[in-house]
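Step one of this worksheet: look at the structure below.
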Amino acid sequence: MASRLRFASARCVLLLLSGLLFVLICDIDRAQGASVYKSPNLDDARFWRRNAESYLKKVLMYDENRRMVPSVAKNIIIFVGDGMGIASLSTGRIFKGQLAGRSGEEEQLSFDSFPNTGMSKTYNTDRQVPDSAGTATAMFSGVKTKYGVLGVDYTITETNLEAAKVSSFMEWAQAEGKRTGIVTTTRVTHATPAACYAHSMNRNYECGAKIPLNMKNRIKDIARQMIEDEPGKNMNVVLGGGRNHFGASMPTHLKPEYQFQGAMEKTCIRTDGRNLVEEWKQRWNGTSAAYAWKTSDLRAVELDQVDRLLGLFNDDHLSYDAVRDRSPDGEPSLSEMTEAAIKVLQRPDTEGFVLMVEGGRIDHAHHQNHAHLALAEVVELDRAVETAMKMVDLDETLIIVTADHSHAMTFNGYPDRGNDILGFGNRPNATPYETITYANGPGFLQHRWNSSLLSEESTDWATWVKLNQLNRSEVTYRHLSAFPLPDETHGGEDVAVFASGPGANLVRGTFEQNYIAYVMSYAGCMGPAKRLNVACDDDFPRKVTKAAGAQRAVSSIVLVIASLHAMVSLVG
């Protein structure tokens, strides 16, 4: 009888301890998640910041259970393949292999081997399928926002620009003394790079000519914000295109006779008579600063000596890599610009650096159904990532590779293994279709056939033989689209996020896109999540020892409970 009473008491104690532990865990979960639901509006900046922090805390709890020691990323490089959805990754990987004479399917992109991957949800607060301005703002500020706006939350109007502003990871980095830079194949005032430094209710306000007359006295264009305002004016490196927007267009007699750009939004010519490049030069006159407008200029710069570098290599966007002028008077590649930027940013005895690199013309090629050009841009972004990995200390550099959104492109059919990825997805005994096709875009009309002419009035699809007469190897060739649009649309599915280096373990699962900013904030000890990373404190070693002791104590309690449970089970 006494024996039964003892074991009954043990069972009660066990149940009590288990219940207390369960309540404790539930309370922690509620504390982690409660902040997400307190916001009165699910689109305001406070909601998205709490949402990102809540997900971060859940990931950190998972890591604590695995006893992973917090770490710090001295440097952060985020690569953004604009429009580089999953289909672009898969076909780009095959294209890379086939360029080297291999089958392609087994090929690896440089970031395929990164230890951590996740999926990012890209919608804007007002659109299921987003644009680059809203998505870049989410990635760089930690706040999701509306379609077409930059560096502001969803409350933006003509009268509350200041109140709607949100800070970016470039501002966080500069506040910690880090060196900063952007590299892009688009205009440096375009949506993705502009989200690093600008605040605008309309992404198209790249120069003053695009701003409505009644607002010109109240709103700065994006080019001016880069030159005049923080954090743009303090950046150590800015490399890309867009001379027109700065009033520094190339003289007519120096322009190439023909330069394929493809049909994209029109460039903006300044009408205020200002040359912002000259103003930038005057501001940094007497300091170690350099301006480059062609490849030979960039190569002539003593990159390990200059403190500031501005490079604008085209009046508009840079040329597609497959057709760019590779001469000294032409434009540098994305990988060469990335190498130059890291050489300027990486300095001994500094707090480190933050760099954003955008392969922006992947997006532009898809918009025009130019699949060949798009995949070549993916391969060049891959080279840029590989270049960076060879130059930095991977033990102290967080590298993230992702996309801002996807595109309406499909990878389909039943082509043979090793078949040309730009070729046909079926056998030639049927109506032909290509392995890469688009849901919409200008490629629709190019695949209609009327005698020997392609026209909008044509009603017949091109036959296999006649399709080959379209000269599919030309850069102007467009892959088939199912619905006619002058400009193909984005896609709304999740995009991949690859991560390597300190903080990479935070990239896990499927998360809102604004969470990426919090990964960089936490890992880089900057911005809103810095306070959550104990490794950011000077007394981190002492805290690690204390935390380890607490962890051992919790582990001992769990072990005792488990032992009691085993004893009761045996007796029972």
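Here the Cβ of each residue, glycine as well, is placed from N, Cα and C on the backbone.
Any TrEMBL annotation is an automated prediction that lacks curation.
Taken verbatim from TrEMBL:
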type	residues	note
ACT_SITE	Ser132	active site, phosphoserine intermediate
BINDING	Asp82, His190, Thr192, Glu358	Mg(2+) binding site
BINDING	Asp82, Asp363, His367, Asp404, His405, His490	Zn(2+) binding site
SIGNAL	1-33	signal peptide
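Structure coloured by features recorded in TrEMBL.
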residue: Asp82; record: Mg(2+) binding site; CB count, 10 Å: 28
residue: Ser132; record: active site, phosphoserine intermediate; CB count, 10 Å: 28
residue: His190; record: Mg(2+) binding site; CB count, 10 Å: 30
residue: Thr192; record: Mg(2+) binding site; CB count, 10 Å: 27
residue: Glu358; record: Mg(2+) binding site; CB count, 10 Å: 30
residue: Asp363; record: Zn(2+) binding site; CB count, 10 Å: 30
residue: His367; record: Zn(2+) binding site; CB count, 10 Å: 26
residue: Asp404; record: Zn(2+) binding site; CB count, 10 Å: 31
residue: His405; record: Zn(2+) binding site; CB count, 10 Å: 27
residue: His490; record: Zn(2+) binding site; CB count, 10 Å: 22
| Other than Asp82, Asp363, His367, Asp404, His405, His490, which residues of the chain come within 8 Å of the Zn(2+) site, judged by Cβ distance to the Cβ centroid of those residues? | Gly83, Asp131, Ser132, Ile362, His366, Ala403, Ser406, His407
| request: Work out how many Å separate Ser132 (active site, phosphoserine intermediate) and Thr192 (Mg(2+) binding site) at their Cα atoms, rounded off. | output: 6
| message | Are there binding-site residues among Asp363, His367, Asp404, His405, His490 that sit within 10 Å of Thr192 (Mg(2+) binding site), Cα to Cα? If so, list them; otherwise say none. | response | Asp404
| task | Sequence order is fine: just name those binding-site residues in Asp363, His367, His405 with a Cα within 10 angstroms of Asp82 (Mg(2+) binding site). | result | Asp363, His405
| message | If I take the Cα of Glu358 (Mg(2+) binding site) as reference, which of the binding-site residues His367, Asp404, His405, His490 has the closest Cα? | response | Asp404
| said: Measuring Cα to Cα, how far is Asp363 (Zn(2+) binding site) from His190 (Mg(2+) binding site) in Å? | reply: 12
